[in-house]
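Database features (TrEMBL):
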- 40-377: domain 'UDP-N-acetylglucosamine 2-epimerase' (DOMAIN)
- D520: active site (ACT_SITE)
- H572, C582, C584, C589: Zn(2+) binding site (BINDING)
Amino acid sequence: MERSEKRSKERLRVCVATCNRADYSKLAPIMFGIKSHPEIFDLEVVVLGSHLIDDYGNTFRMIEQDEFDIGSKLHTIVRGEDEAAMVESVGLALVKLPDVLQRLAPDVLLVHGDRFDALALATAAALMNIRILHLEGGEVSGTIDDSIRHAISKLAHYHAVCTRSAERHLISMCEDHSHILLAGCPSYDKLLSAHQRDDYTDIIKSWLGDAVKEQDYIVALQHPVTTNIKNSIKIYELMLDALISFNKKTLVLFPNIDAGSKEMVRVMRRKGIEQHPNFRAVKHVPFDQFIQLVAHAGCMIGNSSCGVREAGAFGTPVINLGTRQTGRETGENVLHVRDADTHNKIYHALELQFGKRYPCSKIYGDGNAVQRILKFMQTIDLSEPLQKKFCFPPVKECISQDIDHILETQSALAVDLGGTNLRVAIVSMKGKVVKKYIQLNPKTFEERIELILTMSKQAMADAVHLNCRILGVGVSTGGRVNPQDGIVLHSTKLINEWSSVDIRTPLSSALHLPVWVDNDGNCAALAERKFGHGKGMENFVTIITGTGIGGGIIQHNDLIHGSTFCAAELGHIVVSLEGPECMCGSHGCIEAYSSGLALQREAKRLHDEDLLLVEGMTVKNKEQVNAIHLIEAARLGNSKAESVLHTAGTALGLGIVNILHMINPSLVILSGVLAPHYENPVRQVISQRALLSAQETKVMVSELEDPALLGAASMVLDYTTRRTY
């Protein structure tokens with residue numbers, strides 16, 4: 001009890017940290033209020049950021065002119081005015097702040113707004129167990145400032161907001177309602193009481209010249225948008241062009257220190273604004289005088305928050321350019337120009353707005369914010385636990401689950417569109433095919449889409465009973481695929497009417513799931529990366545030896561698609577200038593020698609010449625001769641069949657040697673029904689034909705039963721585990 005009484009008699013040590021001219025305009029009224037109650041508060045002032053930079057007006061001097069004792073001046077800005085400099089400035093501030101905060105030992109740190117300097121202040125204070133009062137949290141705008149503002153709000157213990165909407169936003173962000181004060185904007189206290197000064201005409205003349213009349217000039221203030229610097233510079237240039245054409249006296253303030261400001265200043269100087277008779281370019285205007293200039297301007301233009309906030313208190317017409325203030329609450333005095341390709345749109349906005357007057361708006365305050373904030377600070381209980389509490393909305397209590405159960409039930413729907421069959425499967429996270437569906441692939445486009453949807457819907461219904469949660473759909477298909485848009489650009493001759501087909505949209509619309517689509521060779525490589533020999537390998541190649549020859553290339557853990565999505569068309573590597581014709585129209589491709597269709601062609605030729613069958617072999621009436629018959633004949637000692645297989649294996653081996661010399665993988669995986677028959681011939685050709693540095697490359701036969709289905713599933717499952725695809 002004695003400690004509590006002692007604490008109540010002590011003054012509340014309040015540290016106000018200001019980073020730039022804009023936040024000082026909001027903090028100064030509070031600082032004056034704190035200073036006027038020395039029996040309650042002990043004020044410490046820390047100055048950092050652009051206040052201490054000559055190019056931005058050395059604005060710390062106006063703090064001294066207001067007769068505040070600056071306890072610490074921290075040079076925290078790393079020059080460069082680009083993204084990296086902003087990051088380095090935050091880092092420099094974090095290095096310097098601990099000593100200052102430790103020495104001052106404040107009870108409460110006042111932080112304003114959404115600047116990167118303020119983020120450093122909040123981070124340091126939070127880590128040093130100092131209570132933070134954040135001003136103007138919960139607001140919405142259109143830049144990186146949004147993210148910074150909300151991050152500061154999450155670090156802050158108390159909040160003083162300007163609008164009802166901002167209060168609701170903080171509550172929805174799980175901030176404690178009892179720690180949120182709807183105060184209004186502190187700068188409005190000064191605006192509403194001081195903008196009718198009798199000497200405003202003298203202020204106008206001192207900045208713009210004796211001939212300039214009230215409401216016959218423009219105030220321009222444009223800052224970079226750090227998330228789209230190039231566009232913000234373009235808008236700035238167009239604004240200056242429009243102002244030059246509009247031919248009115250204009251006060252142009254230099255942009256703030258954000259990334260892109262240096263380029264904006266270059267634009268201003270390139271256009272000769274500093275020497276132009278209609279313009280006055282300045283780095284800083286004292287806030288008291290800036291109020292008068294904005295209040296009596298014919299128009300304000302740019303993207304400063306002053307335009308959408310403070311200017312509304314005077315009814316000054318405003319043209320808000322670009323996206324920096326997107327989402328801000330504004331009065332009817334604001335006309336938005338979100339984007340412009342020429343200066344004509346901005347010029348037209350100037351014609352509409354210049355010289356008009358609007359009703360004064362009090363969206364951001366009623367003139368009593370400081371009084372409320374001082375009273376709110378007196379209620380801060382320093383004996384209350386420092387650990388911040390969040391007010392999460394009530395949710396149904398979770399049922400604890402075993403991780404293996406989760407891995408088994410999270411599943412993908414995999415679709416494999418083959419030349420003969422259409423297959424759909426439910427595949428678990430571990431790569432187990434839980435259930436498979438097979439139908440003959442229809443010949444027409446309409447029938448094929450209808451069958452895919454029917455089979456997929458059936459699988460979705462069955463997944464519920466199998467306790468499988470379907471996370472998405474992966475589609476494997478032959479031919480060239482644009483995986484970014486989910487479009488089959490054109491397929492193989494085996495799949496008719498399958499060119500420029502958007503397969504993602506109908507599946508996603510019908511099943512209400514995300515859909516991925518890729519070439520079957522690429523899918524085989526993805527299957528190996530997730531479930532097969534390629535697991536943990538950075539660089540490898542998968543070759544599919546089936547009806548055709550395809551494959552996929554994994555380089556640095558990523559699947560290679562190529563600029564027009566035809567990378568890894570490995571079956572069309574030419575190994576002979578005068579070889580047999582391939583289905584692609586060329587001659588001598590690997591596929592023309594080593595694919596199932598090529599072996600079938602040779603088997604039929606030998607059978608027609610009565611050179612295929614040997615003792616122990618029969619071909620039933622009407623049975624179509626295929627590659628299996630050729631392989632069986634070779635196994636039983638048919639020299640002609642052996643020769644065909646040797647040529648096919650050599651052709652495949654030569655193609656793989658070319659691959660080794662081009663991309664130098666650490667592993668080659670042979671997949672498909674013909675893979676076991678090609679393993680030894682491929683190794684032999686590599687040992688004979690490859691460069692010495694590539695001869696040790698491993699060649700393995702895939703152990704996966706359904707690489708196309710597993711690869712289609714892996715596109716979904718990799719996404720759910722946040723692996724980039």
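From the backbone N, Cα and C atoms, a Cβ is placed for every residue, glycine too.
Per-residue confidence over the domain 'UDP-N-acetylglucosamine 2-epimerase' (40-377) averages 90 (mean pLDDT, predicted model).
For the recorded Zn(2+) site, residues H572, C582, C584, C589 set the reference point as the centre of their Cβ atoms, and the other residues of that chain within 8 Å of it by Cβ are G571, V574, M583, G585, S586, I590, E591, A592. Cα to Cα, H572 (Zn(2+) binding site) and the residue listed as 'active site' are separated by 15 Å.
In the structure shown, the C-beta of C589 has more C-beta neighbours within 10 angstroms than that of any other entry among the binding-site residues C582, C584, C589. Other Cβ atoms within 10 Å of the Cβ of D520 (active site), summed over all protein chains shown, number 28. C582 (Zn(2+) binding site) sits 19 Å from the residue listed as 'active site', taking the Cα positions as reference. On a Cα basis, the residue listed as 'active site' lies 17 Å away from C584 (Zn(2+) binding site). For H572 (Zn(2+) binding site), the Cβ neighbour count at a 10 Å cut-off comes to 20, with all displayed protein chains included.
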